[in-house]
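Colleague: Quick one: structure below, then a few questions.
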Amino acid sequence: MTPRSLVRIVGVVVATTLALVSAPAGGRAAHADPCSDIAVVFARGTHQASGLGDVGEAFVDSLTSQVGGRSIGVYAVNYPASDDYRASASNGSDDASAHIQRTVASCPNTRIVLGGYSQGATVIDLSTSAMPPAVADHVAAVALFGEPSSGFSSMLWGGGSLPTIGPLYSSKTINLCAPDDPICTGGGNIMAHVSYVQSGMTSQAATFAANRLDHAG
């Protein structure tokens with residue numbers, strides 16, 4: 001078996017585990033309401049059903065409970081989330097970037113929160129690096145879960161350096177990686193990659209974002 005074949009097989013195992021363990025999103029609107037106080041843009045993980053995915057749903061639910069009576073619009077990034085990692089993430093970046101910039105243009109007083117899980121974290125990384133610098137002033141917080149950053153993830157990417165969060169966003173980002181998660185560490189526990197809701201990390205990230213919304217300029 002060649003190394004490329006091995007990477008492909010293990011990648012399918014990871015994606016299948018995500019699809020089986022992660023609950024599909026339900027009932028969440030795909031597009032943010034015009035000029036809500038807060039706009040959340042979230043990208044789901046590989047092979048999760050269209051919508052926010054379970055991590056995104058839990059993050060938004062927790063954030064909603066922490067921001068008082070402020071209105072929250074939610075946008076689920078529209079992209080394949082397929083195992084054609086590089087092309088799929090690039091497609092997601094295009095969709096996320098376009099939506100974020102439309103929000104900034106139409107609703108300049110809306111505070112934006114970005115989030116992504118697994119491949120979705122790469123989508124947000126690519127988006128923040130591609131958008132005009134002025135957009136960063138409208139983004140209050142970024143929450144990343146299981147961001148692909150391991151050697152294994154690099155192989156799935158096709159080699160070379162993996163995307164990282166844009167420099168203008170790094171100080172407003174919480175980047176959470178479960179212990180032994182093979183996607184964001186050198187670990188070997190695939191189940192760790194689907195533990196972000198149960199571990200309480202989505203609530204941790206929501207608290208970070210809520211504090212940023214309350215205190216950041």
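For all residues, glycine too, the Cβ spot is worked out from N, Cα and C.
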Colleague: Consult Swiss-Prot and report which candidate among Cys35, Cys184 shares a disulfide bond with Cys107.
Modeller: Cys35
Colleague: May I ask which residues of the same chain, at least 6 positions away in sequence, place their Cβ under 8 angstroms from the Cβ of Cys107 (disulfide bond)?
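Modeller: The list for Cys107 (disulfide bond) reads Pro34, Cys35, Ser36, Ala39, given in order along the sequence.
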Colleague: Near Cys184 (disulfide bond), which residues of its own chain have a C-beta under 8 A away, given they sit six or more steps off in sequence?
Modeller: Gly146, Glu147, Pro148, Ser149, Ser150, Ser153, Cys177, Ala178
Colleague: For Ser118, Gln119, Cys177, Asp181, listed as recorded positions, tell me which one has the smallest number of other Cβ atoms within 10 Å.
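Modeller: Output over recorded positions Ser118, Gln119, Cys177, Asp181: least Cβ neighbours within 10 Å is Cys177.
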Colleague: Between His193 (active site, proton donor/acceptor) and Asp181 (active site), how far is it from one CA atom to the other, in Å?
Modeller: 5
Colleague: Do me a favour and check the Cα-Cα span between Asp181 (active site) and Ser118 (active site, nucleophile); whole Å is fine.
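Modeller: Rounded to the nearest whole number, the Cα-Cα distance is 11 Å.
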